[in-house]
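> Pasting a structure here, questions to come.
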Amino acid sequence: MDRKMVESLFQRASTLKCLVVGDLMLDEYLWGRTDRISPEAPVQVVDVLREDLRLGGAGNVANNLLALGCQVTVASVIGEDENGWALLKAFSRQGVDTAPIYQEPGRRTGRKTRVIAANQQIVRIDRESREPLSGQIEQQLINWLQQHITGFDVVLVSDYLKGVLTPSVLASVTSTASRRNIPVLVDPKGSDYSKYRGATCLTPNRKEAEAASGVPIQDGASLQQAADTIMSTVGLDNLLITRSEEGMSLFCGNGETVHIPTVAREVFDVTGAGDTVLALLACGLAGGLPLAESARLANVAAGIAVAKLGTSTVTPAEIIAAVSLEHRDSDSKIKNREVLSEIIAAERAKGRQVVFTNGCFDLLHAGHVKYLQAARRLGDLLILGLNSDASVRRLKGPKRPLIDEDERGHLMAALDCIDYVCLFEEDTPLELITALKPQILVKGGDYTPEGVVGKDLVESYGGRVELIPFVDGKSTTNIIEKVLERYTDEQ
């Protein structure tokens, strides 16, 4: 994917109006440890250390859109119970329009409780309602949809078969949206996809596609057969089948098929990955990307989501970083302070050790390279803070730098040992270190630990300072003197 195209999309995200229609629920997580078996039965005993509640179902789709910066409205029906009020409160805190979330007396708001120990889900407990909506509440929802859908750029339908998406509600969504050429994207459930007729694109996973088509997917031919069956049955123009470690396959009504390979990642939890796919596909389409590019974007985001435990969101910074890794050119490694702060925070959350060093690096030489390679070996990521031209002039004098900041930045970013480069205008890198919070701060051997800018800050949160000796006789000053000496002799 083109990184600049993705960055441009996310810059426009705050203008995109997204409507999410579907089943809402709460996802409860009980995090703990287990090291014994119950004397009452052959089951593990979990000591709960932490509990948290997250928006689930269509709520996780909304959360993903919010994380991208989109404007979000949610239309659904919940109960007049504790879980229902908790959902409304959570949405309100995030600025979500909850006007079309109706509460039905006697209806049970869904809550899924997952018990997790040692990064493994041990058991899930579901408390939910699967009854279709009553006639009165169904009509209220339909009336709102018919009156307001035209104000949105895209509609996302998140079906968990919990009763909100009745045939009448679905027909109202697709018919109203299609009259205004508003795309409708559906994450489907069940085996009867005819209820989604009129949608722009469905996004089943492989298992769901097998159930809907009756075709076991074992190879490329059976995959195509399953897609053809679903598309002809539903009268569908576009179908995106997610295939886990095999990526995604987009089938279009014009006969075009796009297979999108996955990026190899460690998978911790597939919970909510389909919600992430739906959200990114919608963001891309609403933002003007072609469907195939939107699918590629969704594929990148899904790869990030499955590396996290539980229902989770993916940020623009994480997606841009992942896209940049696909095309690891020097441009993709040069980041401003704000974007890099988000990237580094995400890397720290994964337990990765971030190393930071800084300097002018005017006239790159072998001593620099060996120093930077040694710094990179101290952790998982090496961030280089690079003095701007103005900063170099204040430190080195009016004749420096010899190489301007743009060229220096690209030269440094071209080194494999450097993961990201960030220019700073100040005389010292203290503000940049404060923003990035690296665990390891590196300087050359001509420093003492006490003389390293940022030492106290890094050590205050458990980090450390490392000093790496310079290579004797290798310096920018020596190079300049040698050039002047040789060219002076020639003249």
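Note that Cβ sites are derived from N, Cα and C of the backbone, with glycine treated the same way.
Residues or ranges marked as active site in Swiss-Prot (evidence: sequence analysis): Asp275. Taken from Swiss-Prot, the feature ATP binding site applies to Asn205, Arg206, Lys207, Glu208. What Swiss-Prot lists as region 'Ribokinase' is 1-330. According to Swiss-Prot, the feature region 'Cytidylyltransferase' maps to 356-491.
For each feature listed, report its degree of burial, its nearest neighbours and the pertinent distances within the displayed model.
Asp275 (active site) falls within a helical segment according to DSSP.
Lys207 (ATP binding site) falls within a helix when secondary structure is assigned with DSSP.
Here the region 'Cytidylyltransferase' (356-491) has, by DSSP, the following mix of helix, strand and coil residues: 59 helix, 26 strand, 51 coil.
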> Of the binding-site residues Asn205, Arg206, Lys207, Glu208, which one sits closest to Asp275 (active site) when you measure Cα to Cα?
Asn205
> Per-residue pLDDT averaged over the region 'Cytidylyltransferase' (356-491) comes to what?
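Overall, the region 'Cytidylyltransferase' (356-491) comes to a mean pLDDT of 89.
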> Long-range same-chain neighbours of Glu208 (ATP binding site), Cβ under 8 Å, sequence gap at least 6?
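Correct list: Pro188, Lys189.
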> For Arg206 (ATP binding site), what residues in its own chain, 6 or more apart in sequence, show a Cβ-Cβ distance under 8 Å?
Ile217, Ile241, Thr242, Arg243, Ser244
